[in-house]
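The feature Zn(2+) binding site is assigned by TrEMBL to C797, C800, C851, C856. The domain 'Helicase ATP-binding' annotation in TrEMBL covers 249-428. The domain 'Helicase C-terminal' annotation in TrEMBL covers 613-763. Feature annotation from TrEMBL assigns domain 'RLR CTR' to 779-912.
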Amino acid sequence: MTAEQRRNLHAFRDYVRKILDPTYILSYMTPWFRDDVVQHIQAKKNNKGPMEAASLFLQVLLELQEEGWFRGFLDALQQAGYSGLYEAIESWDFQKLEKLEEYRLLLKRLQPEFKTTINPEDILPEISGCLINQECEEIIQISSNKGLMAGAEKMVECLLRSDKENWPKTLKLALEKEESKFSELWMVEKGAENVQMKDLEDDEMKTLDVHIVYKEEPESQNLSQNSCSSEVPPTYSPLKPRNYQLELALPAQKGKNTIICAPTGCGKTFVSLLICEHHLKKFPQGRKGKVVVFAVQVPLYEQQKSVFSEHFERFGYKVSGISGETADNISVEQIVENNDIIILTPQILVNSLKDGTIPSLSIFTLMIFDECHNTNKHHPYNMIMFHYLDQKLGGSSDSLPQVLGLTASVGVGDAKNTAEATEYICKLCASLDTAVVTTVRDNLEELEEVVYKPQKFFRKVESRTTDRFKRIISQLMAETEALAKSIFEELGTVTLENLSRIQNRNFGTQKYEQWIIAVQKACMVFQMPDKEEESRICKALFLYTSHLRKYNDALIINEDARMKDALNYLKNFFKNVRAAGFDAIEQDLTQRFEEKLLELEGISMDPSNENAKLKDLCFILQEEYHLNPETRTILFALKNWIEENPKLSFLKPGILTGRMTLPAQKCALDAFRTNRDSKILIATSVADEGIDIAQCNLVILYEYVGNVIKMIQTRGRGRARGSKCFLLTSNADVIEKEKLNICQEKMMNESISRLQGWNEAVFKEKIRQIQIQEKLIRDSQGKVKPVVDKKNKKLLCGKCKTFACYTADIRVVEECHFTVVRDAFRECFVTKLHPRPKKFGSFDKKAKIFCARKDCLHDWGIHVKYKTFEIPVIKIESFVVEDVATGAQTLYAKWKDFNFEKIPFDAAEMSTYAQDLNLQGVDGLE
């Protein structure tokens with residue numbers, strides 16, 4: 001660059017400051033800008049707005065000494081779409097940009113009217129050519145997340161920076177097309193001088209606080225008009241899909257069954273819209289397609305239903321859906337018959353195929369499986385595809401629907417090498433009847449501009465060298481174990497095999513938890529001639545092992561969180577113990593704990609005992625928010641610690657868990673998306689899969705690791721440019737597991753590439769052979785039906801062995817719920833209001849039920865309102881099943897494993913029981 005060019009750029013810098021958002025061209029300037037400079041400019045934009053960021057950008061630019069930077073700057077402007085600014089600097093002629101100044105002044109003055117009058121989504125397709133592509137995406141995103149007024153405000157901000165000389169006239173035409181009243185104020189020909197309106201503030205418009213992210217926005221992307229409706233609303237005109245999205249869609253648009261494997265954030269949902277529209281358009285007049293879209297989780301179902309409805313209903317297509325939350329009040333048959341696109345949670349269709357409501361999959365012409373990697377074992381996706389494959393391999397003449405699968409990762413299972421991984425993927429393809437796995441190959445550069453793979457960091461933190469809290473709790477556990485052993489010392493030769501294998505169990509581990517479960521299971525079927533003594537011993541062992549489990553939990557909490565959190569967990573447990581039966585054993589165990597409580601509280605409050613992992617986590621968060629105050633984080637852990645940490649309380653964490661109700665989940669997600677004060681979302685694995693959380697640019701996995709699919713999904717939560725992903729652990733095995741996942745991802749990609757190179761006919765024959773083999777296995781298993789045991793059995797409380805009911809008293813409600821109609825059963829249990837009452841299907845969960853013995857209170861299940869009846873619903877794992885004739889006792893983990901004669905629920909029979917129950921009242925429900 002010559003000295004003259006440098007002087008000119010400095011002289012005309014105000015034009016650059018007014019027009020350029022430098023964050024849109026930083027990716028093109030990487031040869032000249034260091035990473036820390038890029039981050040500084042990004043932070044400046046987030047904190048002070050694009051004009052201040054442009055000033056900093058120019059300052060850095062003009063100080064560069066490297067060769068070629070000026071040409072690189074011009075090329076970056078051109079690539080990003082700043083054609084007007086590019087031409088002006090290329091010729092050093094800014095007259096065209098100067099002429100736009102009066103329109104900027106006019107728009108500033110009209111801004112309050114503009115944002116209250118204009119729907120930005122209506123006019124954006126008309127004026128998008130006057131804006132940068134990323135500005136269009138931001139306008140759509142803000143309109144969706146913050147509302148149309150915020151979107152209009154953002155549109156004004158972008159127009160004020162537009163360097164396209166025709167933007168004032170283009171805006172005028174767009175307003176006239178919409179017959180907007182604002183058009184009367186937007187006088188392009190006369191300019192700003194003739195505006196007749198109240199004088200408004202001319203202060204420089206405040207820039208919005210927007211963090212640039214890249215988000216799946218299928219509703220905002222282009223779909224051409226379709227033939228379903230002759231009158232397409234004028235508010236929706238096409239925008240251009242990206243080339244890599246067209247590449248992903250192409251095989252499915254040719255009618256092939258396809259798995260699309262592409263990273264989170266690239267717009268797979270939009271690709272499915274492209275395919276769906278193409279599919280519906282191809283039918284000749286007089287015939288119609290019918291599409292079913294599956295989503296594995298209810299939040300995903302809601303997300304997909306919203307996207308498909310918003311896009312297709314404007315063209316006259318009918319879109320509806322059913323999930324487990326709504327199934328009881330809606331006719332599946334009517335929904336399927338009366339709509340063109342149906343969104344379902346898959347179990348709905350499984351149930352409908354089973355009961356004949358939907359006679360065959362042939363009613364559909366296209367099935368879309370979101371998160372299709374779940375199509376294995378007994379997942380509902382596989383149940384649906386069993387019907388499909390039975391129809392295909394059974395020689396049916398009925399047509400089958402096209403199959404489309406979407407996933408960020410097909411996975412590799414337990415594969416140890418590429419050959420095994422290839423076989424695993426072939427089995428997934430066979431399950432979905434597809435011989436095409438589509439990935440982006442021809443347009444990778446474009447994909448990489450949209451989807452940013454977060455930097456991955458491993459942080460191995462040393463555990464506490466001395467842990468007095470653990471030492472005291474371990475001492476209490478050893479004492480409790482000794483008390484449990486002493487019970488059998490009274491009995492001499494009688495013992496439990498699992499109780500004698502304590503020695504090799506480490507406190508505070510999952511292995512110890514498994515030992516506790518093994519002892520409890522053995523205890524439940526332990527028998528003695530003296531039934532009273534048997535009950536006493538079993539109840540005592542349950543109490544000891546239950547306390548050991550809580551101590552073990554506390555040690556795990558202590559390892560990953562604060563001593564304070566672990567101690568509070570135990571204090572809460574013992575508080576509940578006191579409030580219940582509180583027999584002699586519980587009194588003794590509580591006294592032992594309380595004798596150590598003062599010492600434990602002192603240790604937990606000592607700052608020198610702070611968890612080193614939390615120190616490191618605090619450091620990471622402080623550092624990242626210092627570099628970029630607008631960072632948006634998903635952390636898989638630790639809400640209370642953040643709220644109570646004065647260094648981090650400004651983050652105002654939200655929380656998202658699978659146990660939350662659907663409205664609560666939606667509220668949490670909406671708050672994180674729209675509330676700029678909430679800078680961090682504490683999440684469990686529900687945030688892994690599919691749910692759209694686009695603002696995140698920092699993911700922290702705190703002692704959190706899964707398989708390769710989970711790794712790719714959690715990494716996909718961080719979508720913004722410059723995203724980072726930290727794995728923080730004190731366990732070297734966790735890091736090794738994640739490194740293995742990285743190797744498996746590479747192996748998966750190699751396997752997909754290998755399959756894509758196969759001859760399609762060879763691939764089809766391969767999956768056909770797998771399908772035939774799998775069907776043979778399936779059919780052989782189906783023929784072996786378990787023998788129904790019609791002998792009457794007793795159900796005894798799994799803890800105290802008290803008699804509860806006979807199997808003849810049990811009735812099956814809606815095929816999978818079990819209630820008891822024996823009158824005396826209501827005397828066997830007590831109830832307590834459920835801490836999380838919830839309605840699911842026909843059931844209104846109101847209370848929990850417990851064994852009525854005050855020294856037991858074992859959890860037996862729940863109390864519900866079913867239609868008009870108040871009934872108990874019991875869980876088999878809470879009981880021991882005893883053969884009346886032989887006295888043999890058996891445990892069952894699930895009802896399906898217990899092959900007794902299952903008598904269906906009968907409303908007439910139930911009415912007598914339920915009415916009596918209502919008249920007498922149930923403790924805790926009145």
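Each Cβ is built from the backbone N, Cα and C atoms, and glycine gets one as well.
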Least buried by Cβ count (within 10 Å) of the binding-site residues C797, C800, C851, C856: C800
Secondary structure composition of the domain 'RLR CTR' (779-912) [DSSP: H/G/I, E/B, coil]: 25 helix, 63 strand, 46 coil
Cβ within 8 Å of the mean position of the Cβ atoms of C797, C800, C851, C856: remaining residues of the chain near Zn(2+): K539, G798, K799, K801, T802, A852, R853, L857, H858
Confidence summary for the domain 'Helicase C-terminal' (613-763), mean pLDDT rounded: 73
